[in-house]
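Chemist: One structure coming up, written as structure tokens, with questions to follow.
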Amino acid sequence: MASAFSLLTAGGAKFDKNRFKDDFQLFEAKKRKDRKGKSKQIDALAAGSALPSSLDFFGDHPHPQHKPEPEPESESESDFESDSGSSSTSIPAPPPQKITLTGSEPLPKSLHTNLPSLVNHESHSLTSAEGGPLLSALSRANIHSLWGVQCAVGGCLLEDRDTLCVAPTGSGKTLSYVLPTIVKLREPARKLKGTEEGKGVRALVVVPTHDLAVQIQGVIKAVTMGRHWRSMVLTKATEKAVWESAPGEAVKTGEDGDSEMKDGEDSGDEEEDEDDNESTGSVDEFAPKVSGNPEGLGIDVLVATPERLHHLIDSRRISLARTKYVILDESDRLLSSDFLPQVEPILSACSNPAVQKCFLSATMPAGAESLAKKWLKDGGVRVVVGVKDSAVTTVDQSLLYTGSESGKLLALRNLISSGQLPYPSLIFVQSIDRAEELYKTLVLDGIKVDAVHGGKAKTKRDEAIKDFRVGAVWMLVVTEVLARGMDFRGVKVVINYDFPQTVPSYIHRIGRTGRAGRPGKAITFFNIEDGPYLRTIANVLRSSGCPVPEYMLDMKKPTKNEKKKLAKAPPKRKAVGGGGRDLNREAGKKKKQMVEASKKRKMLERKGKGGNEEKNDDEE
């Protein structure tokens, strides 16, 4: 039987394709269709590192659009507005607010909201060759009109008046000084090469953090697209280019500077974090030489943090004598005791008789304002948008009692699991250690999260911010280093995990959401230790129209000493989560104590030996 079966099946089964040709082609056609469909999916995945539109928070990734007919080529979106949504929609303007101008008469006229009023101003009218590229760059960035603060500040600056501006977060302050500065410079330094006007640092922008400096540089690059303007951020890598463009006495004479900034030296605050993680080098390392820029090519706009710029001025490597426009962004922070020792010499170094100054911030305490007016001609023109020192009205603010540190973490997890914390979001904490603790905890929860603080190298911070903008990271745990100026238009919720130390800190933190008229949400956790300071923040919520429980408004006001104490240092808190012991941290502290004890012991031994030797010499 077996042999008969083998005989019948030895040749194998044969299929006559010619006989069943029609049936066979039906299956082949289906296979080809399936293969074609799969290849299209693979190609789409390969080319589409693009996210689905539901996950593309900032609008950075291209999404396919089906056009029935070919249309004229649309203007591409610029890097400046890469996080603001689709290039086909204009950026929504913030809600209209009352703008108050005070100062010596006659007060300057505000610009019209249409863009041509910027380049056709009677005192600084640009030609079509000068103004055309600027208008084109603004159009590419989806900017089709000026906002209130930009009209007011632009009018002041174009009429050569020093200006002090207080405007809410997200109202467009950066463009309010960048645009008129570009208009007043008229031509790039490259076109003015060899002339006095094209030498040195022509315009200077000073900001408290490196991250904000990089963001402002991006704005300048976007609005100067199409012309060869020279702008840069002052870093270790660009120091040489800066002092070659605006050489000081030490560079001209070939002498070494007479001062040296120590590694890691800062202003006592983590915000001046550019130098915290990389050595600035000694003066000998960057010994001044004869300028390698003999043509004297200047820098149109230099964006700098105070510590590094002050170092160059103090070592006589850079001259700001030709600088005609000086802007202090986040000026209340720059005029505080932490930065004032560096900022005052910078302002003094801008010795051009025609120098024009502009100070801007979302908050301006009385002390900082009086100090600012001393540096402004005739006290400057004071521009206030809305109510001074108030929170942005587009943010829904609330306070949440959590009871303890473990309660904070539980509340945060509940917000995430219940969908009340949509991505992308920012979580503010009070210190570097707590940022790292919370970051590690959330990573273990499986959340796409990163941390940004002054303890990280700037390259790591830049990478984390970039990932956050493109949607690769959904949450950022941050310290005060990102509380000011940073523009994340896609952020929907801000969590104050640790209670803010001051009202300005609270206003700047929650100002990272609800920008440019978009709705946002801010939730602030508080515990028993935050009780004495709860009333001040509750008053901010009430002034913004947010509901506040009556008991918070009836609480005792904090004393002046309590306010000063909190402003100097945040309250001590238990580890994030409040549960268990951090064995690694305890081991690190123990090791540090052992090293310090060993050093003291060796020092005492050396002193003891020295005393014995002196005694023996006396006896001899």
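Cβ from N, Cα, C; glycine included.
Feature table excerpt (Swiss-Prot):
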- 71-82: compositional bias 'Acidic residues' (COMPBIAS)
- 142-150: motif 'Q motif' (MOTIF)
- 154-382: domain 'Helicase ATP-binding' (DOMAIN)
- 266-278: compositional bias 'Acidic residues' (COMPBIAS)
- 329-332: motif 'DEAD box' (MOTIF)
- 562-575: compositional bias 'Basic residues' (COMPBIAS)
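Could you give the neighbours, burial and distances for every feature on this list?
Modeler: Per DSSP, the secondary structure of the motif 'Q motif' (142-150) breaks down as 3 helix, 1 strand, 5 coil.
Confidence for the domain 'Helicase ATP-binding' (154-382), expressed as mean pLDDT, is 83.
Broken down with DSSP, the compositional bias 'Basic residues' (562-575) shows 7 helix, 0 strand, 7 coil.
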Chemist: What parts of the chain pack near the motif 'DEAD box' (329-332), using Cβ distances under 8 Å and only residues at least 6 beyond its ends?
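Modeler: Contacts of the motif 'DEAD box' (329-332) (Cβ under 8 Å, skipping residues fewer than 6 from its ends): 164, 173-174, 177, 205-208, 212, 216, 359-361, 363-365, 368, 372, 484-485, 504.
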